[in-house]
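Under the heading repeat 'WD', TrEMBL lists A:220-261. Positions annotated as domain 'BING4 C-terminal' by TrEMBL: A:302-380. TrEMBL lists A:410-477 with the feature region 'Disordered'. According to TrEMBL, the compositional bias 'Basic and acidic residues' annotation covers A:435-477.
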Amino acid sequence: FMKGSTPKEERSVHTHNCLSVISFLEGDEDEDTNTISQADIADAVDITSGSKYFNLHLSQFGPYRLDYSRTGRNLLVGGKKGHVACIDWQTKDLKCEMNVMETVNDVKWLHTEAMFAVAQKRWLYIYDSKGVELHCVKKFNDVLRMQFLPYHFLLATASATGFLQYLDVSIGKEVAAICTKMGRLDVMAQNPHNAVIHLGHPNGTVSLWSPNQKESLVKMLCHRGAVRSLAVDKTGTYMVTSGLDRKLKVYDIRAFKPLHSCFLPAGASCLSLSQRGLLSAATGEIVQVYQNVLGSNPVSKPYMAHRLRGQIWGLAYCPFEDVLGIGHGEGFTSMIVPGAGEPNFDALDTNPYRSHKQRQEWEVKALLEKVQPELIGLDPGQLSKVDQASFEQRHKEQIEALGFDPLAKDKFKPRTKKKGRSSAGAIEKRKRKVAHEDQRDEIRQSVQERTEREKELKEKSNEKKLGNKSTLDRFRK
Amino acid sequence: QRRAIPFTLGVPRNYDPTLHPFEVPREYTRALNATKLERVFAKPFVASLDGHRDGISCITKHAKSLSTIISGACDGEVKVWNLPRQECLRTVQAHEGFVRGICSRFCGTSFFTVGDDKTIKQWNWEAPGYGVREEPINTILGKAVFTGIDHHQREGTFVTCGQTVDIWDEQRSSPIRSFSWGVDSFSCVRYNPVETELLASCASDRSVVLYDTRESAPLRKVIMQLRSNTLCWNPMEAYYFTCANEDYNLYTYDIRHLDVPVTVHMDHVSAVLDVDYSPTGREFVSASFDKTIRIFPKDKGHSREVYHTKRMQHVICVRWSADNKYVLSGSDEMNIRLWKANASEKLGLLSAREKAATHYNKKLIEKFQHHPQVRRIARHRHLPGDILKQKRELREMREAQRRKEQNVRKHSKPGSVPLLTEKEKHVVAVVE
């Protein structure tokens, strides 16, 4: 019942240097793919892939949050009652394990597998991969959620007091502390395309933040109840939100327009988007994976589903593998989702098979290229665009300083020709040929000015009409 | 073997742009780093050649060898230097009084010097043997002091200037032709390296005169507001020459249209004394009475580089070496200094990776050169205190003049005060 086929559309995406292709789960004619169980998939595939489905029974220390490192080799699990462990999940090699004796709200890897951050009950702690506590950052208190911006080396934290704080992990300084004034922040996502932080709020709005502004960049009303989960795809085009009104909505984040929404009988408490665009939604004890969510077609039925035994608390796709990690009340489950991961990695960027030397080289280059937080905005390519506004400003100042416009075209002076071709009449004829071009510019300018003036007058008269309602108008001069 | 990873795996790449976000900010950060590193590695001073016992009045390059130069001092001494070893090969007491000009013959076997003792002397490039006295091959006595000399590119003729511009044949002891145009003295004469029959000279009546050796009279002259000290022809473009003027500017003229200079190069704060083009013809270096040398691109109005040292006093002469890498400056504190033309260039053999990195960094700086942060760092040059002060003063003076002109124009009949661009302001007349 399971075939590894290579759909042609997937193959045409990467035509160069393609080592691996993507294959999806395909069922028999009358079989729904979401009824195929994980155990069956694990039996049907080879041993290595089959071992990617496993369960860690950790029922003592509360529901688990998880984070995969950027290369996908290491997994960090943090239980709410204080259990923090980091594992190389493919070899099941335990790197470190400890109990921090406090509530753990969130765990996150920093730029390499050498350090991770744990948001504990009061403060933010940074540990080494061996479990040695490196820093206790007291400035970051009551942190509920964290997101790491890899190219800026910024750890963004959302706190219960409504503060959004950014910590630069390469120099160890707090870059920005923004008082969002929107209450308790416990829904957070990052847009990997432009490093903007998305926060979901109990009044159904999603706000977008950058460390350069004290106010949000954008505020969108997404749901009629509280927003419970957010996910943004890697190209920065689509945002998937789920709320207490039991709806799952897909928005186009570039134009801020809703694309489609679907009704889930129980609202999704966790959302995660894979590198290839598969969406996983967790409702209670069930995880459902949807295909082809991003786009204009509404989603119909799930691609895969899995039922667990504990309440789901964390959901994350492993970067270059077909694996979905689920943290729940009874521990951790790793689920096989064919077609989820990007098969072709770039060895010079994030390389799951990198050696010690390669990692060192990559770290140095990444630190040298670290983007400054001032460049975070809705459009990451803004530096490459022409700054028309300041050009015009400078041009105006230049005209004032010089007294004339250096870019203005000179009036057309026709060349004098020989053999009687430059009589007065001939010159006038030549001038008239060019004259209408200059005239056209002048006419266009005057027409523009006139329309602008008329618009202003209209607006003023509209204001007058609307403003006439006040009874105190007769006292206004 | 340099590979740290197994040969079979290689380095798989995926150029999908969604896997490499933030391309513009990352490239911008790399450009910023490249600009900063360029400033960090900008150490242009290479060596100083000392040994002269009086200020240096002229330098000339060997026609065939990159490693030899000759310099003449104000006490009549001429020294031949070996640049790689930075040592003086030979000293000749050529004249009594200043050595006004030196030029090397195109074949590279001899060089000519002119001095304050009204003589032209021709010397051998090779030193005489042991115990043999240093004697010129040829001595020509003139009637008046010669102030400059230049040699033809291919034939055995040379030109001197003094009270008249004389063209000499090496075999004769009197000039074959003499040009004069009612001027009492000329300060500099140069042959055009491309159009070898053209000459230009700087005259004391604030003009630059053009000659053709095939004609009997000078071609034309352009009169400016202040006198030009030296001029240099562009070795790549036959019709452009640049003259170094006393009014702190350099002017590039096209010989076909002498009424307006092609470019006015403004950046010096005192009289410009010497100018020399790079062999690529894209840049030139100028020496000024303010104690700096500046490198200008040929088409821009401002310098891209300024070199100065506390020990370097008024720079009298500059030359750009023939391999486009070094600039030599001779100043009146008896030293010749060797500078890198590209201040942050690494000398010597570069490995392929170093070359690739340098090219990439140069291209990054070029791509982001207009961004304000990159521009601010790339443009920044340290200037000595008095030059900075003088520069600010000059800027204020120019602003004040411009403001006054504008006010006059504003309050007079429109069209009565004509609008003159900077280029048009400096030429007084062109005389045929």
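Each Cβ is built from the backbone N, Cα and C atoms, and glycine gets one as well.
Just so you know, TrEMBL annotations are computer predictions that nobody has curated.
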Rounded mean pLDDT for the residues that make up the domain 'BING4 C-terminal' (A:302-380): 93
Distal contacts, the compositional bias 'Basic and acidic residues' (A:435-477) - CB-CB under 8 A, six or more residues away: 411-412
Residue counts (helix, strand, coil, in that order) that DSSP gives for the compositional bias 'Basic and acidic residues' (A:435-477): 38 helix, 0 strand, 5 coil
Per-state residue totals over the domain 'BING4 C-terminal' (A:302-380) - DSSP helix, strand, coil: 16 helix, 22 strand, 41 coil
Secondary structure composition of the repeat 'WD' (A:220-261) [DSSP: H/G/I, E/B, coil]: 0 helix, 25 strand, 17 coil
